[in-house]
C-alpha cells in the first residue's frame, strides 16, 4: 500500500484518448487495405481499454460527464460508420454508444460503468490482479503464458499487444513525426516525446519514500524500489534464477539459448549484449575514452580504469584467511575458492570442475578441438594464448629468460 501511495502522491497530468490515438481522414481510411484496417481497430480498442482500466483520462476522477476524447472513438467498420454518430445514451452516466447492444448489455459486463464505479470483476488467476474489463485481463494474461499473437511482417518479431506491433512497424517505416523543439530529436510516438522532454526540464516528480531519491518516470521508481524490497519478479524457467528487471532476464536467457544477436561488422564476432559489442569495437577503433586523472593513462573499458586507479590510491581487497590482497574484488572471490575448495564451473562432457569460468572455457577446447590462436607466420594453431606466445618466440628469436 505504501508503494502504491508513493506512486500516486505526485500530481499527474491528465491523459486524453486523443493524446494516444491515431486518427485518419476519410480519404486516408479509403486507402487502407482490410488487414491494415483490422490492425487499426485492434490497436484503438486495446488503447481505449487500457486507458479506461487505468482510470487516467481527462475527467476520469470526478462525476461529471466524460470529455469528448474519452467517449468518442471512431472505429470504421463500414461506410455507415464514417459519421461517428452515437444515438444511444446511458441514462446513468450520459455516455453515448453507436450500438444499442452496448447500452443494454448485462450490468456486470457494462464496461464503462465498471470504470465509473470502480468495480473490477475480472481477476487474474495467477496473481489475483483485478481489472475493470475482460479484454484488459486477456492482454495481461498473455504476459504469463508468453503468448505473442502479433507478428511483424518486416522482421518476424512477435508481440503480446497489437499496439506494440504498430509501434514496431513505425520503426521500420522510420516515420518520426514528433520532434523535440529543444534538441531536434524526433520520435515515433507522442508519449516518447513527452518522456524525452523531462531530460530538458529536469523534472523528477516520483520520489522513493525509503531513501528520498527522485525519478522522472514511475517505471524508474518501481525498478529502484526493488533495491529496498529485494523483489525479483522475473524468473528464468531454465535455471530458476530471478531478476529485478525484465531486460536482465532477457539478456540472461541468451546464456541458455546461445543467442548472440550483436555482431561486429569488422570481424564478424558476435555478442550477447550490445554493451559487449561496443566495448569490442574499441579494439578496431583503438578508442580509449577512460583517462586517469592522475597520470593521463587511458583505457578502453571503465572497469580497467577503476582497477588502474588503485595503483595510485593503494586500495586492496584482503583475504581474511591468509592476508593476501588483490586490486580487484573479483580476484579475491576467485582466490577464496582456494580455501573453500569450491569449483562451481563443471564440464558437461566429462564432469571435471573448475574454480574459474575461464579455466572451464580453456578445458572445453580439449573436447571441441578448437584452436583459436593461429600463427600468421607458419599457420600453426593453439588452444591457449600462453602456448601461442611461447611459439612466436621461434620466429622472433626473443629469449626473455636468461
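Using the three backbone atoms N, Cα and C, a Cβ is placed for every residue, glycine included.
The domain 'KRAB' annotation in Swiss-Prot covers 15-87.
What Swiss-Prot records for 88-116 (among others) is zinc finger.
Feature annotation from Swiss-Prot assigns zinc finger to 122-144 (among others).
Residues or ranges marked as zinc finger in Swiss-Prot: 150-172 (among others).
Confidence annotation: the zinc finger (178-200) carries a mean pLDDT of 81 in the model. Residues annotated as zinc finger in Swiss-Prot: 178-200 (among others).
Taken from Swiss-Prot, the feature zinc finger covers 206-228 (among others), and the record attributes it to sequence analysis.
Tertiary neighbourhood of the zinc finger (234-256): same-chain residues 223, 226-227, 272-273, selected by CB-CB distance under 8 Å and a gap of 6+ residues from either end. The zinc finger annotation in Swiss-Prot covers 234-256 (among others).
Look at Swiss-Prot and you will find 262-284 (among others) tagged as zinc finger. Through the fold, the zinc finger (262-284) approaches residues 251, 254-255, 300-301 of its own chain, all at least 6 residues removed from its boundaries and within a Cβ separation under 8 Å.
Mapped onto DSSP classes, the zinc finger (290-312) shows 11 helix, 4 strand, 8 coil. The zinc finger annotation in Swiss-Prot covers 290-312 (among others), and the record cites sequence analysis as its basis.
Positions annotated as zinc finger by Swiss-Prot: 317-339 (among others). The zinc finger (317-339): residue composition by secondary structure is 11 helix, 4 strand, 8 coil, according to DSSP.
Beyond the ends of the zinc finger (345-367), by six or more residues, the same chain brings 334, 337-338, 383-384 to within a C-beta distance below 8 angstroms of the stretch. Taken from Swiss-Prot, the feature zinc finger covers 345-367 (among others).
Long-range Cβ contacts of the zinc finger (373-395) within its own chain (Cβ-Cβ under 8 Å, at least 6 residues beyond either end) map to 362, 365-366. Among the features that Swiss-Prot reports, zinc finger is placed at 373-395 (among others).
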